[in-house]
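Features reported for this protein in TrEMBL:
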- 35-119: domain 'Pyrroline-5-carboxylate reductase catalytic N-terminal' (DOMAIN)
- 261-399: domain 'Ferric oxidoreductase' (DOMAIN)
- 216-239: transmembrane segment (TRANSMEM)
- 259-283: transmembrane segment (TRANSMEM)
- 304-327: transmembrane segment (TRANSMEM)
- 354-380: transmembrane segment (TRANSMEM)
- 392-409: transmembrane segment (TRANSMEM)
- 424-446: transmembrane segment (TRANSMEM)
Amino acid sequence: MSADKLSSVSKEVKPESMSLYPLGTAAAPEQELLCIFGTGDLGRSLGQRLLHSGYRVVYGSRRPHSCGPLPQGAQAMSHEAAAQSASLVFLCIHREHYDFLETLAPQLQGKVLVDVSNNLKKNLYPEANAECLQRLIPGAYVVKAFNTLSAWALQNGPSDANRQVYLCGNGAEAKQAVAEVATKLGFAALDRGSLSAAKELEDFPLQLFPEWRMPLYVAVGLTAFIFVYVVIRDVVYAYVEQGEDNSFRIMVSLANKVFPIVSLIMLSLCYLPGVIAGFIQLYRGTKYRRFPDWLDRWMLCRKQLGLVALGFAFLHMVYTLIIPIRYVTGAPYYFKNNRTSVFDTTTAWRSDSYYSMGILGFGLFLLLGITSLPSVSNALSWREFSFIQSKLGYLTVFFCTFHTYLYGWDKFLRTYKWYMPPAYMLSLVLPSVLIVLKLLLLLPCVDRSLTRIRQGWERTDTQDGSEKPLLT
């Protein structure tokens, strides 16, 4: 009886104990082998990233035994052998060296060829590099991809670099294979259609600050206008009406008037489109209609507007620190003219408040700039990012505007020259309008309606007398 019990217990325990063995003895899946033509910086960086992501990598080279240092774990062989060993081949070579690929047409038949090349300038060739490659090897499936990434981005991964990989090609399965590789590397693959879009993808890296053009144009235009304005008002007027030569003030004092004015106006331009969008949604009663094109373009460059404004604010801070040194070096001028003033408590309060608002505004301005960096914004939740960029952003506008009002104090109606108001008054128009419009949107009745619209509610259609919502 005891033997039977032991045998029955062993039969019950045996299946559980045996189920652990296959886990330790199962063979690991074989890693996919990928081929790279080209052992330059981009080819080596791509190979290193592929190895870290679990792929096997083989390089095709004209001199496999003397092609320079390769990532650890990769091997080099001739182009013919490397092309035969893998079903997906990355071409990290320039278009000028495509000629040898015609001799490899039999080995590349049915392969997926990923073209990562770029040109030195636009319209250098009548057709895109990828289209030329497809013409040279018609039996292969050419996909344009990874050309918008640099060697540095591939080495450091997508955390601090561009997360998107654009691709295009005529074969759906080929594009899917490349998209899977990009996803495994940590990037987001965006399909741009057929191979006819390759020329557009090749022009992406050649664009010089495309998202910064409008902000820079606005900054240059504002700077030129405000600079001419203050020169006419403070230098030309003094020379014509009073016979004084104040041209020495152009380099520091007048420049320090221009920088904060441009900074405050551009900061207001950064937040004004969001307020305009809110009023448009209230007027339309829906969030499902597109904004005007000019507003769309304006909203897309808000980050660049804010960063340029931060740059001008930083220049204002530096020049403000330099001005006391300039006054010390120019002390004989002030002693000669016996320029002294009597201490006044009201003026002291105004001066301290003026500096305090400026310091607080600049500190929040720096916080906005730091959180706009991809490495910082990626570490924040959407609620945290929205709180800093929206609520603290409007608080920054308020502090900087109040700082400017304290600067003007009681000089708003008594310092006109040639009927020209002081330059700082020009900078107060836009932020003052922005603050008033934002306060209107914060009214409970208005904020409640705008919140409902942004949550999906739509105004009912009253034209036909129906009370049914447009969105059901």
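Yeah, the Cβs are placed from backbone N, Cα and C, and that goes for glycine too.
Those TrEMBL annotations? Automatic predictions, nothing curated.
Nonlocal intrachain contacts for the transmembrane segment (392-409), taken as residues 6+ away from its ends with a CB within less than 8 angstroms of a stretch CB, comprise 260, 263-264, 267-268, 270-271, 306, 313, 350, 353-354, 357-358, 360-361, 364-365, 367-368, 422, 424-425, 427-428, 431-432, 434-435, 438.
Counted with DSSP, the domain 'Pyrroline-5-carboxylate reductase catalytic N-terminal' (35-119) comes out as 29 helix, 19 strand, 37 coil. Residue counts for the domain 'Ferric oxidoreductase' (261-399) under DSSP, split into helix (H, G, I), strand (E, B) and coil, are 115 helix, 0 strand, 24 coil. Within the chain carrying the transmembrane segment (304-327), a Cβ under 8 angstroms from the stretch's Cβ atoms is held by residues 211-212, 214-216, 218-219, 252-253, 255-256, 259-260, 262-264, 266-267, 269-270, 334, 362, 365-366, 368-369, 372, 393, 400, all 6 or more beyond its ends. Beyond the ends of the transmembrane segment (354-380), by six or more residues, the same chain brings 159-160, 267, 303, 306-307, 309-310, 313, 317, 388-389, 392-393, 395-396, 399-400, 402-403, 406-407 to within a C-beta distance below 8 angstroms of the stretch. Averaged over the domain 'Ferric oxidoreductase' (261-399), the predicted model reaches a pLDDT of 86.
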